[in-house]
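A.B. asks: First the structure, then my questions, so here it is.
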Amino acid sequence: MEGGGQILRVSAALSCITGTAIKITKIRAGRSTPGLRPQHLSGLQLVSDLCSGSLQGASIGSTDVSLTPGKIRSGSHVADPQTAGSVCLLLQVALPCAVFADAASQLCLKGGTNAEMAPQIDYTLKVFKPIVERFGVNFDCDVKMRGYYPKGGGEVNVTVNPVKELRPVTLTERGNITKIHGRAFVAGVLPFKLAKDMSTAAVRTIRKEIKELYINIQALQEKEKACGNGNGIIIIAESSTGCLFAGSALGKKGVYADKVGIEAAEMLLRNIRHNGCVDEFLQDQLIIFMALAKGTSRIRTGAVTLHTQTAIHIAEQHHFTSRKLEFFMFTCFIHACRTRGENPGMLGSLNDATSRDTLYFITQITCRPIVTPCL
């Protein structure tokens, strides 16, 4: 199970939505720097602010924290870890909560827009947003400033519109890949040649497997709205049925730009090969929306990732239950449904029914305090 921020994000969001008090222990206990980091603390404080809750033990380095939520409230909320921590991970924890507020919410999220070990803001806007909108989630995002490691300094303003309930989603037919496009960027003092090298290498790599499509990866110089120096690439593939897949990478000191482009291209190809309908980075982000939707959602994926297994495990701690699915041709279906008449703000146990390539999630009303260990 993924033992870091994923547990914190999913646990805190479900606590906020269900009104269930939680205690999280052994946070990052096995790490060289155990306990909460600024990114994690900022996310917890954001959720607590969203639900008028109270936090105990919430400080840098703390390995135990408790959240007692109140009522989800609309209004303006700010999260600033004062590092290059990912604004997209802050949005991950806040968005499921804000959609159940009584009015529109404004989120000011600061930090890194294109950060390591997290979705780039371009992924959130071009892949995550169109898919999550199918559930009825409605949010607008204004990138005021891009921020890169190590300075951070980015700022994204998000307006989240409330919903009464979420719709179920079915994504089981991949169709054919019809379009591949992307952006390779440099910011700050880095030379434009890096962007061109990333783009050229990525196109060359993709062409080895996909020869029939025009591949458009723009090389861009971020002349404005950027804090610090950075370079990276994101490539998106679209299918005839509206499925979206991505591959991305960020430049690092000492790594040639063409290697960065190849890394992103190979990541995209890997996500296309598994014949699922979402990529490896989207599947875990959809679990909470599938569970909250009124009705049954079905999403075809490739191999279930560690982050997805973690999201399912945390749902189990909130009295969902599930069995580990068995893979068939490296493709699986994740099903989620909520019982008729259930309050979308209430989550509970998940009884499952599995076939050889199917995992079912069925929610029931059961809410009580839990203890979630972070290993």
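Heads up, the Cβ atoms here are built off N, Cα and C, so glycines get one too.
All annotation found in TrEMBL is predicted automatically rather than curated by experts.
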A.B. asks: PHE281, LEU282, GLN283, ASP284, GLN285 bind ATP in TrEMBL, but which of GLN56, GLN82, GLN92, GLN106 does that record place at the same site?
C.D. replies: GLN92
A.B. asks: So which other residues, same chain and not among GLN92, PHE281, LEU282, GLN283, ASP284, GLN285, have a Cβ within 8 Å of the centroid of the Cβ atoms at the ATP site?
C.D. replies: PRO119, PHE128, VAL278, LEU286, ILE287, HIS307, THR308
A.B. asks: Let's see if you can do this one: DSSP helix, strand and coil counts over the domain 'RNA 3'-terminal phosphate cyclase insert' (172-272), in that order.
C.D. replies: 32 helix, 38 strand, 31 coil
A.B. asks: Measuring CB to CB from PHE281 (ATP binding site), give everything in the same chain under 8 Å that is also at least six residues away in sequence.
C.D. replies: PRO119, TYR123, VAL127, ALA246
A.B. asks: For GLN285 (ATP binding site), write down the residues of its own chain that are at least 6 apart in sequence and whose Cβ falls under 8 Å from its Cβ; none is a fine answer.
C.D. replies: GLN92, PHE128, VAL132
